[in-house]
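Feature list (source: TrEMBL):
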type: DOMAIN; residues: A:87-303; note: domain 'ABC transmembrane type-1'
type: TRANSMEM; residues: A:29-55; note: transmembrane segment
type: TRANSMEM; residues: A:82-112; note: transmembrane segment
type: TRANSMEM; residues: A:124-145; note: transmembrane segment
type: TRANSMEM; residues: A:151-170; note: transmembrane segment
type: TRANSMEM; residues: A:182-203; note: transmembrane segment
type: TRANSMEM; residues: A:223-243; note: transmembrane segment
type: TRANSMEM; residues: A:250-271; note: transmembrane segment
type: TRANSMEM; residues: A:283-305; note: transmembrane segment
Amino acid sequence: MVAEIPSVTADSAYRMSLWSRLMTDRNFLGFWFMLPAAAVLILFLAWPLVLGIWLSMTDTTIGRPGVFIGLENFDWLSDDPVFWLAVFNTFLYTTVASIVKFLLGLWLALLLNKHLPFKALLRAIVLLPWIVPTVLSAIAFWWIYDAQFSIISWVLLKFGWITANVNFLGDPDNARASVIAANVWRGIPFVAITLLAGLQTISPSLHEAATIDGASGWQRFRYVTMPLLTPIIAVVMTFSVLFTFTDFQLIYVLTRGGPLNATHLMATLSFQRAIPGGQLGEGAAIAVAMIPFLLAAILFSYFGLQRRKWQQGGRD
Amino acid sequence: MTDATPQRATEPGVARDGPARRGRGGDEGEGMDYLVSLPRRVVTVYLPLLVFLFVLLFPFYWMVITTFKSNEELYDFKDFSPFWVVHPTLHNLHKLFFETHYPIWLWNTMVVSVVATFLSLFCAVCAGYAIERLRFKGSRLVGMAIFLAYLVPPSILFIPLSTMVFSYGLFDSKFALILTYPTFLIPFCTWLLMGYFRSIPYELEECALIDGATRLQILVKIILPLAVPGLISAGIFAFTLSWNEFIYALTFISSTTNKTVPVGVVTELVEGDVYHWGSLMAGALMGSLPVAVLYSFFVEYYVSSMTGAVKE
């Protein structure tokens, strides 16, 4: 690319060759500047997306290219109780984890927005769970949830609140609660720190004015903080929902979908059928089944952004 | 929110911790907090905050403490308090570094993350500049497409990608990861850098254009030096994302010596039914340390890239 730059001299100004005209043409230049990114994204993102939809309509297995079988995979999945269990789990996991993450994250953001000593340090510590690789923190949770040597069980036993070790990952309901708790632990920092950034843009004079008008703490939160925070909440929660919905790592490490498929999410089921199971077509069909929900989340985010535009007087 | 760069948006919080916060009049951060009495503050602010910090940090403490415990201490809750180490040992770390392939995994992760990050940064700088400054026909649409690409999760791409990786003969090689990681890094970096480029005054570029600079010269000599904070933000964040990546590495890599840290720890350190918690935790700790250290040096950049990507 470097070789393409002609040296710009004074006399070249009136000898506008085709080349120098191209070098000032924004569409021509834009094409070349976009090329590296576009090549990677089209080749490894857009094309696989199309290929995935195609695969979901074939009976491809590992080592054997499949033939087109139409919607047979989806038809087969619609009769598969494990698939529907995974869909149910995914929704349960996403809904509960997102709501808890939002509430606790907002609370933490409000706390951090107070006048505190060591504020920068606190913020740095809070973000730590989000920085550390999910898989590695999930292994720490695996150890914390150990059936025999769980520290939580030990503490609860000491206090006399339970009589036997809690079977965190062996019992379907406990397992669901445990993976959701681990997901919430990892998700809170992201929600809290981004909402904190939003809170810091709210001028304190608005709160002062509301207080002078006789507003209570709750009223100030409800009628001053929340409306100003809504646009950023919409975006943050879309991201949060999106990444929780497609979560794979945490489940893979903690339970691999067990016990009795009680924690299988659509992503883990798709992996299990496609890679260890070898049924690439069926796995792709499960992945494709996630797309409508993702689209819904993206549309939600889009309207969240629209609202921000409107709130700021039409500026972009 | 929009006129500020991601970096600037977080600055008030930083500035507030400076000595200037004493003056009540000109200080925004303190607000009306001084109206609340101390005991009330303890119950409504400090106590919940302490609980939050305890819960958020406990798994790390547990990782560290388990790493330095010997096996007899680890499984004996009667004679030893589980919350402390009586006889710290380096046995687990020694085992990790000298009896497993852990050092090779660290090296693999490092190579893949660094190369993927630089590749993505190069693509993102060009794309971000073109979308934000060249304003070619359809640049708004392309900007929107980049944002949408950011929202496509790896868990719906890994199956078709694995067939592609296999047919290109990249299976079980670092190139499979180096080429696929940019799919989630480029959209993120581009989106972030667009925000930075927007914050650089256009007048600078106009002056350079009048002086006869080409667009490439402008990008290299004017825009990039001014966007260094943005490049650092995008770079370290991309590095962290690649370091944390799991599903592609799990699917595209099969031989032990090509694995990355997260995959290696999960698939190789767990042997059968007996879990060696000491070395597992040591593996988790050592895998987290590089990003944690990087993070501690660049906290502000992390915060700005995270909040920036959401807000822009």
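Just so it is clear, glycine is given a Cβ too, placed from its N, Cα and C backbone atoms.
Just so you know, TrEMBL annotations never went through curation; they're auto-generated.
Counting Cβ pairs under 8 Å that are 6 or more residues apart, the transmembrane segment (A:124-145) and the transmembrane segment (A:182-203) reach 3 or more and are in contact. If you count C-beta pairs under 8 angstroms between the transmembrane segment (A:29-55) and each of A:82-112, A:182-203, A:223-243, A:250-271, A:283-305, the highest count goes to A:283-305. Among residues of the same chain six or more beyond the transmembrane segment (A:283-305), those with a C-beta under 8 A of the stretch's C-beta atoms are 52-53, 55-57, 60, 73-74, 77, 83, 86-87, 231, 234-235, 238-239, 241-242, 245-246, 266-267, 269-275, 277.
Between the transmembrane segment (A:223-243) and the listed ranges A:82-112, A:182-203, A:250-271, the one holding the most Cβ pairs under 8 Å is A:182-203. Stretch with the most C-beta contacts under 8 angstroms to the transmembrane segment (A:151-170), considering only A:82-112, A:182-203, A:250-271: A:250-271. Remote same-chain partners of the transmembrane segment (A:182-203), defined as residues 6 or more beyond its termini with a Cβ less than 8 Å from a stretch Cβ, comprise 93, 97, 100-102, 104-106, 108-110, 112-113, 123, 126-130, 134, 137-138, 141, 224-225, 228-229, 232-233, 236-237, 239-240, 244, 247, 250, 254.
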